[in-house]
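**Q** What TrEMBL records for 501-674 is domain 'TEP-1 second beta-propeller'. For 973-1045, the entry in TrEMBL reads domain 'TEP-1 C-terminal beta-propeller'. Here TrEMBL flags 454-495, 557-596, 682-711, 723-754, 970-1000 as repeat 'WD'.
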Amino acid sequence: MSKMHVFSCRGLVVQFESLLHSVAQTLKRGQSLVVLIDGADLIHAAKGQLVSDWLPEQLPQRVSFVLSVSEDSALLGSLKRRADVVSVPLEPLDLCDRAAVVRKDLALYGKKLEESAFNNQMRLVLLKRGSRQPLYLTLLTQDLRLFALYEKLSERIQKLPVSLPLLLQHLLGCLEQDHGLELVAVALVSLWASRDGLTERDLYGILATWKELNRAGVTFEEALVVGKRAGSYPVAPFIDFLRSLRGLLGACGSPSEPPGSRLHLCGSPLRMAVEWRYLKKPGLDHVAHVLLAETAAGLEREETVDFFWAFLQRNMGLLSQNPLLLLQQAANEPDTSELCLQAEAALSGNRSSFLRWVNKPQKAQKTNSLILTLPDIPSCISVAPSGKLAAVGTTDGTLHLVDIETGQEVKSLLSTCDRISAAEFLSETKVCLGAFNGRCEVWSLTEGCRLVGIDAHKGQITDCCISPDRRLLATVSLDGYLKLWDSARGELTRKWDSFRPLNCVTFHPNGQLVATGGWDRTVTILDASEMSVTTALFLWDVKDPCQKTLTLWKSLLFCHQDWISSCAWVGPKLLSGSNDGTVRLWDPQTGQRLQEFLGHQSPICGIASEKDHVISVDRDGMMIAWDLQGVEKTRFLAHPGQANHCAGFRDPWVKEFTLAAAGQDGTVKLWKPLMMEQPLLLSGHGAAIWGAATSPASFVTISEDKTVRMWALPKEADEAKDLPPHGGAVTALAWSPDGEFAASGSDRGDLVVWHHARAAATTKVGQCCVRALAFTSSCTVLVASDGVSLWDIKTRGHDGVVGLTLKKLLRPSEEAPVLCVGKPSPRGPLVLALADGDFLVLPLKSESFQATPYSDGAWDKKSSVCFDITASEEEEEEEEEEGRTLHVWDSMNQPNLFRMRVTASGILTDTQDPEHIPWAPTQRSCWVTVARLVKDKFLFCADSEGYLWTQGKQNEEGAPGWVPDGWQRRKLHSDRITALHILGDRMVTASHDRDVKIWEGGTMKLLGQFRCRAPVSQLQPCPRAGPPLLLIAGDILGNVYFFEWHCFCR
C-alpha cells in the first residue's frame, strides 16, 4: 500500500486489521490478545459524526475486543445484534477503582486529596452515593480542581451533592453564578433545541440577538429585525463563558474537538439536567427556537456574498488543485461583476499573465446544483424515504451519506466491499449495500455501525429493492440468483436460481409480487439470423413469510428477443423494457401480453408511466410516449448522444410530470413529455453520468468525474443554462488565414462561423459528422461532412457576416470519407487524407481536386491509415515552386512518419522512406493521439493516458534516429490529450480532463490553465502573427471557447 493510502482513513483501518492478524500469528500456545477500547461509542469522524466502521467484521482467532459503551448508546443496541458479541453489564465501581479514578484525574492538574487518618478527604468523596458512577467522579474532580482554598476543601466536598443528577444541577448553578442565569439558560436550551449542535459563531450570534431582545414571547419577525441591527456581544465574557461551557460538555462526553468546532449536548444525563432545570420556565424553549430560526435566516447571504459562493461552487474542483488560478477565474466572470473588476485590478497591479476567456457569458451564471466532490468514482446512488438523505457508493468501497438540501457530506463509512454496485435504504437510519464481489452489508447510519455482513452472492449484485412494507429486501446478481432477505434481521428467507445473470428487480406496489429481469439463457447475444434468443420474466409470490423456497407464481416466456433491462409496475400491470428496443405491458394474473410498444432502434435504458401513458428512453436518447392502446403520441430526441439514465418525477413548482434524461456527455435534459415544451439543459458534470435518483424537490446524479450533484429544479425556463452553439461534440475547428474568422463543426453536421469570437452564422452542412474544416481563402471554408464542399461567408459592410452559402460540392458523400486535413503553409494547397488510404490535393485558388494527387511510393494505402497531417518546419527558406514538406502520421498504436512533398500545383510525392517511431506504451490500451516533429530534431508524442513523450534525434552517423529507451515521459493531464501545439517557446495542450494548459517550452513549467465545461475535443491556435496568443477550443457538449493569453502591462 502506498504511503498516501496508508495515512488515509481506509488505509489506517486496513493497517489496523492487518496488524491484528500479524499479532495473532505471533501468539504462542495458550496466549491470547485482548484489545480494550474505552468509550467506543464516543469515537467520531473529523466532522464530529459517530462512526464505528473501524470495527473489524471478523476477528482473528484468539483475538478479542472489549468495548466499553454507555447503556443508552445506539452502538450497544447494534452490537447486541451480532452473533459474536457478548454483553456484560458493568457493576458499580468498587472503592479501590473509585479512589484510582479520583487520583488519576486530579494528578493531571497537579493536585491530590488528603488521605490521612485525621483528614481523609478521599473518604468523603467515596461515601457519596454517586461515586459508583465514573461520570460523577469526573464531574466532581472538575469542580475540585478549580477550588483554590485548600483549607476549606473538606468542607467543599461535604457540600457537594451526593448523586449525579444533583451534581449536574450544582454545576449548572455554578455556571449561572459565574456568567448569569439568563445567559446560561439561553445558551444551553439553544444547544438542546439544535439538531446538529452549534458553532461558536452561531452561539455568539444567538447571544447577541438575545441581548437586544432580552424578553419572553418574542416572535420570529421581531428577532429577524433585531438580528439585522444587533450589536456585538462582549467578546471577553463570551470567551470566558465558552471556556467554562466546553469544560462541562467535555466532562459529559462531548468529543474533544479543536476550537471553532460545533458544540453538542452529549449524553442523556446532561440533556435531562437541562430539560429539568430550564424547560420548566414558560416560553424559554420557544425563545430558543426563534433565536435558532433567526440565526439560520441570518445565514442567508447578501447578493455579493451569494455570487461569490456560487463562483466558488463552480470552480471548486479547479481551485482545490491550483489555488493560484483564483484571480484568473474571477477575471473570467461577467465584465460588470464585482469579482471581475477586482480581479482585473489585482492582475493589472502585479502584471500577471492569464488565459482570458474572450467569449465568456455576460450574464451571471446561476448555480442550479450543489456539488460534492468525492475521492473516488461513484458507482451507485439511493435516496432515503424522506428524500432528505442520499447514499452514494464508490468504487473504493466507501459509502458517503449526503444531505440533499445542503449538498454537504453527513458521514462516510468504510465497508468491506471491494466496490459498491448497489445501495438501498431499508429505513431512514439503515441502508443496504451490494458489492461487485457479491457481498451484502447492512449499516446503521446513526452510529455508523455495520449490522450485517454476508457473502450473499457469487457474482456482482446488480440491483436491490425493498418491499413497500419494508419487511423484505430483494437482491439479484450476475450469479443468476434472486434472494429475499428479512430486512430487520438480515437473514435469508428465500432464494431462486434462474440459471442466467439477472439485471433488475422490483416489488409490486402491493408488496405481494416481485419481478426480476435479466440475460437470455445462452448468456451470449447472437445475431437473430443465426439463432433466436429467448428471455423470460418471472413473477414470485412473497406473501407467505414462512415459506423457505420461492413459489413460481407466473412465468412469461419469450417475452423479449434480448435481455431485459428494466421493469416497472403500472397499477396491477407490469411493464418490461429490453435491449431489443421493445417495451411490453403484461397482465400478471393471466400472463397475457396486453400491449407492445414499438419504435425504438436501440436498447431501452428507462421506462415510466404517467396518466395512462407509457414513456421510454433508449440508449440513442430517443424518447417515445404511447397511450395504453399502443398509439404513439409523441417522439423526439430527448438527449443528444448516448443516454445512460432517465428518471421521472413531479415538478414541485408546476406539479407536472417531468422526465430527466442523463447522458454520456455529462448533461441532464428536463422534459415534460406530455406537454412538448422546450427542454431545460442542466450542465455541470465533466464526464458521463452513471446514476440518477429523485427526491420530492430535486434529483441527484453521480458521474465519472467523481462528483455528486444535487439539482434544484429551475422555477422558470430562463434559469436553465443557455444552450451551446452546437448540438453535439465539436469535431473540427479552423481559422481563416488572417485570423478574422473562425469555423467550428460538430458531430451533428452543423457549421458555425465566428467573427471576433461571436457566432455570426450557422448552417446545417450534412447529416454526418463534420470531420475536417479548412479555409481556402479569407471568406471561403472547406467542409468535409457527408461530402466535401466549399462554403462562402457573406458579409455586408458594417453589418458584418450575414450568412453562409454553398459555393460548390467538390466530392459526393458516397465516396470514402475524409479523416484529416493539412497544409504546408498558411496559404498553401490543402491535402486531405481519406479513409481508404488515398489523398486529395486542392491547389491554392482552385475549386477542384488535383486529378493525379499522389504518385506511388512508400505509402501503402491498403495498410496505412493517416491520423494527422502537419507542416514541416525545417524548410522555411525553400521556394514554393519546389514544394513544401508535410509530415503524415500513420497508425496510432505504432506510429510511422511519412515525409511528403506537395507543390503549389498539387503534385504529392514521397521524399524518403518512412520512419518508424519505436514507441512502447505502458498499457496495451494506450495509443498516440497527437504527434509533432520540431526542426527535424525533437519528437513529441501525446497519448491517451495524458502523458507527453519526448525524444531528441540521435546525431551519430549510422545510428537510428529514434531509440526505444530514449523517451522522456511527463504526466500533463489526467485523461486523453486531444491537442498539442508548439508555438515558439510555448506549448499548448488540451485534454479530455477538461483542461487547456500553456507550458513553457524549455522547462515545461505550467504557465496557464483553464478548465472548460466538458472534455475538450478540439483546439487550434490563431495563425495571425504577434501577441497576444489567441486560441479556439471546443468540447464534447458543443461549447466553443476563445482564449487569449492576456498580459497586463503598466
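Positions of Cβ are set from backbone N, Cα and C atoms, glycine also.
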**Q** Tally the residues of the repeat 'WD' (454-495) by DSSP class, grouping H, G and I as helix, E and B as strand, and everything else as coil.
**A** 0 helix, 25 strand, 17 coil
**Q** Please list, for the domain 'TEP-1 C-terminal beta-propeller' (973-1045), how many residues fall into helix, strand and coil according to DSSP.
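**A** Each residue of the domain 'TEP-1 C-terminal beta-propeller' (973-1045) counted once, the result is 0 helix, 43 strand, 30 coil.
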**Q** The repeat 'WD' (723-754): which same-chain residues, six or more beyond its ends, come within Cβ distance under 8 Å?
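**A** Distant Cβ neighbours of the repeat 'WD' (723-754) are 640-641, 665, 681, 760-775, 777-779, 781, 783-786, 791, 793, 801, 804, 826-827, 1017-1024, 1030, 1032-1040, 1042.
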**Q** How does the model score the repeat 'WD' (454-495) in terms of mean pLDDT?
**A** 87
